Amino acid sequence: MKHFINLEDLSTHDLNQIIDNAITLKKEHKTGQINKALESKTLAMIFDKSSTRTRVSFEAGMAQLGGHALFLSERDIQLGRGESIVDSAIVIGSMVDGIMMRVSSHNDINTFAQNANVPIINALSDESHPCQLLADMMTYKEHKGNIQGKTVTWIGDGNNMCQTYMQAASVFDFKLNIATPKGYEPESSFITQYQDYIKLCDNAKEACKNSDLVVTDVWASMGQEDEQAKREFAFKDFQVNSDLMQQANADASFMHCLPAHREEEVSSDVIDGMQSLVWDEAENRLHAQKALLLYLLS
Ligand code: CP
Ligand code: NVA
């Protein structure tokens, strides 16, 4: 049995196979081919944070594959009233074929994996967001080909998405420039672990030079809403706008996991412009996760 808690839980070979299968599944879906490979399978989806893309893509994906998805908000299940993580994991795991979790603490996902006897999928934690990277890598491949040896630039907060790009740099073998304001770098353990793949700086323009892909995310993640004003000030020189994109290679692409705040971390002309891949990136959550579900549950 395998889990998908971090990208590195699967080999580079298997991740590439999932991405290739996702590209095939996308074509099949668009030509109306039916695939019921997960008939009679159930995925529990535990959310203690908001979601549009993750919820819709997992729920629609399970339905399209003939299975069923259960939306479990922490507000509604006993976990939210203090039932222990371990007890919840044993019980939910005994009834379903897989569990997808979006929770604040990455450790809670690990605890579920140790106690629920089914595959666990990390659908965003404080530490990482591996499902998003599957979709991002699929999108890059569809538009530009192999990412190996390319240069990717992360602009903004050293958050869960940034840290997953660090993992992706090692798994898919690309160079990653990271530009954050001082004090907003990724966790030091990540910096140490991925030092061979990353270059850290606090100058966004410098970081974009020779880049094939520029990526950003919100300045205040879920749970950091009360830091919004402070962060707007700290990140004011880290907006991805056309000036910044001009530092990157002429054919560079732009990605953002969404939801986006236009005119904060990204200007409208960039996110809605020719270099932006964000709509395919969002749609590909569906196809990439269908391939992941087939890999883990069938
Ligand atoms: N990118 C992403 O995970 O979006 P949601 O928060 O809408 O699921
Ligand atoms: N860094 C963001 C990603 C949202 C998909 C957050 O954690 O809120």
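For all residues, glycine too, the Cβ spot is worked out from N, Cα and C.
Of the residues proposed, ASN122, ASN146, ASN160, ASN284, the one TrEMBL records at the same L-ornithine site as ASP217, SER221, MET222 is ASN160. Among the binding-site residues SER51, ARG53, GLN78, CYS131, not one has its Cβ under 6 Å from an atom of ligand 2. Around the Cβ of SER51 (carbamoyl phosphate binding site), the number of neighbouring Cβ atoms within 10 Å comes to 17.
Cα of ARG285 (carbamoyl phosphate binding site) to Cα of MET222 (L-ornithine binding site): a span of 19 Å. Ranking the binding-site residues ASN160, SER221, MET222 by the distance of their Cα atoms from the Cα of GLN78 (carbamoyl phosphate binding site) places MET222 first.
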